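Asks: Pasting a structure here, questions to come.
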Amino acid sequence: MESENILEAKQVSVAFRIAGKFQKAIYDIDLSLRRGEVLAIVGESGSGKSTLATAVMGLHNPNQTQITGSILLDEEEVIGKTGDSMASIRGSKVGMIFQNPLTALNPLMKIGQQIKEMLAVHDVYPENQYESRIFQLLEQVGIPNPKRVVNQFPHQLSGGMRQRVMIAIAIANDPDLIIADEPTTALDVTIQAQILDLILEIQKKKNAGVILITHDLGVVAEVADTVAVMYAGQLVEKASVEELFQNPKHPYTRSLLRSNPSAETVSDDLYVIPGSVPSLSEIEYDKDLFLARVPWMKEEAQKVISEKMTEISSNHFVRGQAWKKFEFPDQKLKGGKK
């Protein structure tokens, strides 16, 4: 019987070798993704979002990285797999759309060759169908005149066209999971919308699971089913998109949402989250990492110990108890939300 979950990650930690010793970049991550679900992972730069994605893809250097825990992809364990054993999974069961297609694509290979290479690694399609499959993929992602594009190099295409090629490569072998790592960051607004619509169209057609890594909360509200918030390598909150936007609990989640401008913003000054994400050498995972960054909560931060994620309501998980103590300064003065 086919499992409902395409991805199950349990107690996943990733550590990088830095100056001769391993330092954890992400710690104790538990996540699952159902077929047909869109999971958005949000957080500032340095929160560990892409590190988690590359762990799922098996893209870390095993000599410089330690990965512990369990990552089941379609019920198959991927932690510990390297070389050909991981290559057989990457591209067939999971495909990844990278942030910058200009650096992700090979500048010395024509577009058609790059898609053919992805098909040749796996046995999903026979060799005599490669050419027709390449044209089919390029048409599917909305590229006009595929016969011309297959003979072009990446630099000859626009940014939007290159990202469409990246999507074609990612879905070439019909993976059950698509990871989109900031797929629209380098594109203008109108092209961003087209690319997001394309990803969702493919997801619905194939009933694939999608992990969308982004810092754009507007995009999250529009396309996600579930949201996972990461901070300094930890998952701090996870809930349905409706629940998270209407009833955020963790101080970091609330700060992210408050700093996001909207049409309803009436204050002259936008809220700015104080400080910055700590470096790997500064992280103490037994402390509440975000409270230590907030000036008016530093004293409280010393008393709050970081705890595991707990379910505070149906499918709404929050790390620790800090959310019960956190208030914005103006809330203390006015006794309520601004």
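Just so you know, glycine gets a Cβ as well, placed from its N, Cα and C.
Summarising the annotation, Swiss-Prot assigns ATP binding site to GLY43, GLU44, SER45, GLY46, SER47, GLY48, LYS49, SER50 and lists sequence analysis as the type of evidence. According to Swiss-Prot, the feature domain 'ABC transporter' maps to 7-257, an assignment based on sequence analysis.
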Asks: Name the residue among the binding-site residues SER45, SER47, SER50 whose Cβ has the smallest number of other Cβ atoms within 10 Å.
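Replies: So among SER45, SER47, SER50, the binding-site residues given, the one with the fewest Cβ atoms within 10 Å is SER45.
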Asks: Around the ATP site recorded as GLY43, GLU44, SER45, GLY46, SER47, GLY48, LYS49, SER50, what other same-chain residues have a C-beta within 8 angstroms of the site's C-beta center?
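Replies: Near the ATP site, the remaining chain residues are THR51, MET230, VAL277.
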Asks: Taking every residue in the domain 'ABC transporter' (7-257), what is their average pLDDT?
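Replies: PLDDT averaged over the stretch: 93.
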Asks: So what sits near GLY43 (ATP binding site) in its own chain, CB-to-CB under 8 Å and at least six residues off in sequence?
Replies: LYS49, HIS215, VAL229, MET230, TYR231, TYR252, LEU256
Asks: Using other CB atoms within 10 angstroms as the count, which residue among the binding-site residues GLY46, GLY48 scores least?
Replies: GLY46
Asks: Take the Cβ of LYS49 (ATP binding site) and count every other Cβ within 10 Å, whichever protein chain it belongs to.
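Replies: Other Cβ atoms within 10 Å of LYS49 (ATP binding site): 25.
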Asks: Provide the number of Cβ atoms within 10 Å of the Cβ of GLU44 (ATP binding site), excluding the reference atom itself.
Replies: 15
